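Peer 1: Attaching a single structure in structure tokens format; questions to follow.
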Amino acid sequence: MSQDPYTPPPLPKPFTNTTPPPTLLTQGAEAHLYKTIHLNTNTPAALKIRPSKPYRHPILDRRLTRQRILQEARCLVKLVREGVNVPAVLALDWEGQGGENGNGGAWLLMEWIEGLVVRVVFERWEAFIKASGGSLGEKELRREEEKVRGLMRGIGGVVGGLHKAGVIHGDLTTSNLILRTGDVDIKDGESPAMVGDVVLIDFGLAGQSSSEEDRAVDLYVLERAFGSTHPQAEKFFEEVLEGYKDSYKGAAVTLKRLQDVRMRGRKRSMIG
């Protein structure tokens with residue numbers, strides 16, 4: 001039985017006649033991400049659309065969607081002000097008109113971050129290490145490991161800045177980190193460059209919090225992501241924590257709480 005082709009929700013009015021039209025990059029349960037053009041500056045931009053949920057009551061739908069898009073935008077604005085590497089907010093709007101028949105969708109236009117998703121960087125590096133088949137000399141291997149350590153410290157640094165600003169990401173994975181690098185078109189089988197600024201993206205689950213528990217859980221989610229997605233790089237995760245300590249003075253308390261979160265995670269794994 002064939003499935004009907006997916007039809008994304010209609011684009012917001014400001015983007016219905018742009019040239020070129022917005023390009024759909026990803027689609028999730030909560031949002032769709034497009035690459036488009038910022039009309040005022042004619043530069044690339046990221047457009048995140050939170051479509052209306054037809055199964056929700058229209059009033060509740062509009063209220064929740066508006067609340068979530070505003071929360072995401074406020075976190076980004078605060079982080080930009082604090083000097084953390086995140087996309088700048090360019091514009092946003094929500095559709096709250098029309099009574100019970102109104103659309104509850106909302107959209108957020110952000111700075112386009114050029115670079116490689118960190119998940120892809122690590123995947124290419126692990127593929128390079130595997131393809132080398134142990135043929136790397138001691139100096140080459142040490143150089144490769146130093147590259148990974150440097151990137152890990154950069155990740156820890158940007159997460160430390162995030163927490164210092166009083167924001168929790170809520171979904172820290174290597175898919176939500178971008179490395180600003182000119183080495184985008186590297187060929188398969190080559191070792192990727194790991195030099196550049198690390199930028200945090202996708203703040204759909206973010207919120208403002210000063211809770212050490214929330215910060216520790218953020219770090220734990222990132223640690224688990226490395227364990228499940230990048231097993232060869234996982235052994236360097238302590239470098240993330242070193243970078244975190246360098247950029248956030250309150251790190252000692254958070255890292256102590258991280259030990260508790262790890263223990264609870266292990267107990268849940270044992271119980272199943």
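The backbone N, Cα and C atoms fix where each Cβ goes, glycine too.
As the structure is a computational prediction, the values presented were derived from the model and not from experiment.
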Peer 1: Check Swiss-Prot: it lists L25, T26, Q27, G28, A29, E30, A31, H32, L33 as binding ATP. Then name which of K13, K48 it lists for that same site.
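Peer 2: Record check against Swiss-Prot: ATP site with L25, T26, Q27, G28, A29, E30, A31, H32, L33, extra candidate from K13, K48 is K48.
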Peer 1: Measure from the Cβ of Q27 (ATP binding site) and count the other Cβ atoms within 10 Å, all protein chains considered.
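Peer 2: Cβ-Cβ neighbours of Q27 (ATP binding site) within 10 Å number 15.
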Peer 1: Give me the largest Cα to Cα distance among L25, T26, Q27, G28, A29, E30, A31, H32, L33, K48, the residues the record lists as binding ATP, in Å as a whole number.
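Peer 2: With L25, T26, Q27, G28, A29, E30, A31, H32, L33, K48 as the binding residues for ATP, the largest Cα distance is 14 Å.
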